[in-house]
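Structure first, commentary second.
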């Protein structure tokens with residue numbers, strides 16, 4: 001077993017060796033290096049064919065028509081293109097958008113930008129387990145609501161939203177439904193021929209493909225229109241201009257092909273490892289599970305250890321690559337906005353750790369992790385005056401802290 005152990009698969013994944021090998025064939029002079037938009041010679045035709053194959057592989061994983069897949073630079077761009085693109089195109093119908101407080105920053109900040117441009121956004125608070133209350137969603141829908149954006153799997157706590165029912169609710173009212181599926185694609189079954197989802201964002205690097213490539217699903221029947229955000233040569237049916245990065249597209253396609261083949265066995269294996277990890281640490285005193293194991297993705301476990309500072313725990317766990325309560329916001333000392341939206345106090349939010357498992361995680365690594373976490377928590381609490389007071393029965397909420 002090699003240290004450190006990588007348990008941050010929700011932040012990014014290593015490229016699968018099969019994917020890397022495939023990508024190498026699309027870079028150099030002796031490979032297929034052409035521009036897929038070059039129609040006058042075979043270098044272009046071969047590149048275009050490679051892109052078509054990858055587009056099919058992505059469509060097959062999610063039950064879409066390949067013509068509904070638009071390549072972008074990643075899920076952040078896909079979220080921007082979907083939300084701004086739909087809002088701008090349909091603004092004559094209304095200017096009201098609904099999303100949730102626990103979305104990824106790529107959705108929240110895009111909505112904030114639209115607010116500055118005169119749109120109105122309702123941010124729904126989830127229930128304490130992270131699941132959106134569908135009655136609250138229904139109550140928020142208005143005649144001028146044009147778009148709902150609610151993710152499939154949350155990147156911090158792993159809870160799975162009921163996108164099928166939300167889709168039905170939106171379709172019944174003629175509201176466009178966008179889903180950020182970055183964390184779920186290739187991990188949970190998605191069938192867009194059955195789901196009433198109009199726009200869906202995908203990424204390459206969360207599923208063992210390369211970074212810098214993603215896609216947006218744009219429904220054809222009923223036809224959804226979006227306004228392009230990137231202008232130029234009119235690539236991707238006018239929705240996203242820019243020369244297609246063939247090697248990255250091929251890599252994403254291969255990653256999605258592998259995911260389709262291995263998803264079922266892989267998810268059962270990861271669920272087993274995640275449960276093994278939780279069972280190994282759940283009897284530690286004052287440990288809290290954030291999210292919902294039953295309605296959770298099989299590969300994410302978010303846990304708070306009371307009376308332990310998250311930053312010091314990360315330092316103690318230096319043999320583990322994990323993230324503290326804020327994945328994309330790990331650099332800031334603010335507690336995770338996702339955990340705060342669940343109604344959690346700052347102390348617990350600060351002491352949270354996200355373990356995310358993946359294709360190369362082993363049972364041996366999980367057992368090492370359990371042992372290390374148990375020892376580290378014990379050691380840090382031995383040093384903590386707060387833990388000592390808690391053990392003596394002092395109500396820490398009643399203490400007046402002096403501000404120096």
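Each residue, glycine too, has its Cβ placed from N, Cα and C.
These features come from Swiss-Prot:
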ACT_SITE  328  active site, cysteine persulfide intermediate
BINDING   75, 76, 155, 183, 203, 204, 205, 243  pyridoxal 5'-phosphate binding site
BINDING   328  [2Fe-2S] cluster binding site
MOD_RES   206  N6-(pyridoxal phosphate)lysine
Look at each of the recorded positions, 205, 206, and point out the one with the fewest other Cβ atoms around it within 10 Å.
205
Please state whether DSSP places residue 205 (pyridoxal 5'-phosphate binding site) in a helix, a strand or coil.
coil
Using the residues the record lists for pyridoxal 5'-phosphate (75, 76, 155, 183, 203, 204, 205, 243), what whole-number Å value is the largest Cα to Cα distance?
30
Using other CB atoms within 10 angstroms as the count, which residue among the binding-site residues 76, 155, 183, 203, 243 scores least?
243
Measure from the CA atom of residue 206 (N6-(pyridoxal phosphate)lysine) to the CA atom of residue 75 (pyridoxal 5'-phosphate binding site) and give the result in Å, rounded to a whole number.
10
Which one of these binding-site residues, 75, 204, has the sparsest Cβ neighbourhood, judged by other Cβ atoms within 10 angstroms?
75
If we take the Cα of residue 206 (N6-(pyridoxal phosphate)lysine) and draw a 10 Å sphere, the binding-site residues of 76, 183, 243 inside it are 183
